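Below is one structure; the comments refer to it alone.
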Amino acid sequence: MRCARRHQSRQHLARTALSVALTVLLIATTAAAAAVAAAASSSASSSTSVPPTEQGDATDTMQNLSTHILDTTRGKPAPEVPVTLYVRAASQSWTKVSTGITDGDGRFRSFFADGQPGLAAGVYKLHFDVGPYFRGRSVESLYPFIEIVFTVADPTQHYHIPLLLNPFGYSTYRGS
């Protein structure tokens, strides 16, 4: 009986260590990719000879919010997850702004329609409907949905709100 408990305990510790290691690796990879993208964007935007199609279309410039879901258990992006953006009104109630679904890379960027202004100063939340994602993979999960509330202090900046997800935990941070 003691051997079985020790074996189970070792398996649990190994799974926990693996999950932590994957999370750290994903954060480091995301940070490195963001640094490369920022450097590329900086050099592209400083060059006047680059055509607009290579810098992104005009609607990209209005998008000051993006998200990315990484399934840390699988070590892969989480595609086809519905994401809804809400803004908090003065009455403290939430108003839906837009809804979308993460792409094959687990990303969603199109929170605002053409010509619609992006985020203004205020309090927002992203609602991730992760229940169907886990059920579709026959994975038991503690969370039917996850909500991340964040403050926009400077609407001229881009806000990237990633979600590091697993069936029994999640984490977030302000990305770039």
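Here the Cβ of each residue, glycine as well, is placed from N, Cα and C on the backbone.
Sequence annotations record features per position, and here TrEMBL assigns substrate binding site to H68, R107, Y173. For Y173 (substrate binding site), other Cβ atoms within 10 Å of its Cβ number 12.
If you look up TrEMBL, you'll see 60-175 marked as domain 'Transthyretin/hydroxyisourate hydrolase'.
Feature annotation from TrEMBL assigns signal peptide to 1-33.
Of all the binding-site residues listed (H68, R107), H68 sits in the most crowded Cβ setting, with the most other Cβ atoms within 10 Å. Computed over the domain 'Transthyretin/hydroxyisourate hydrolase' (60-175), the whole-number mean pLDDT of the model equals 95.
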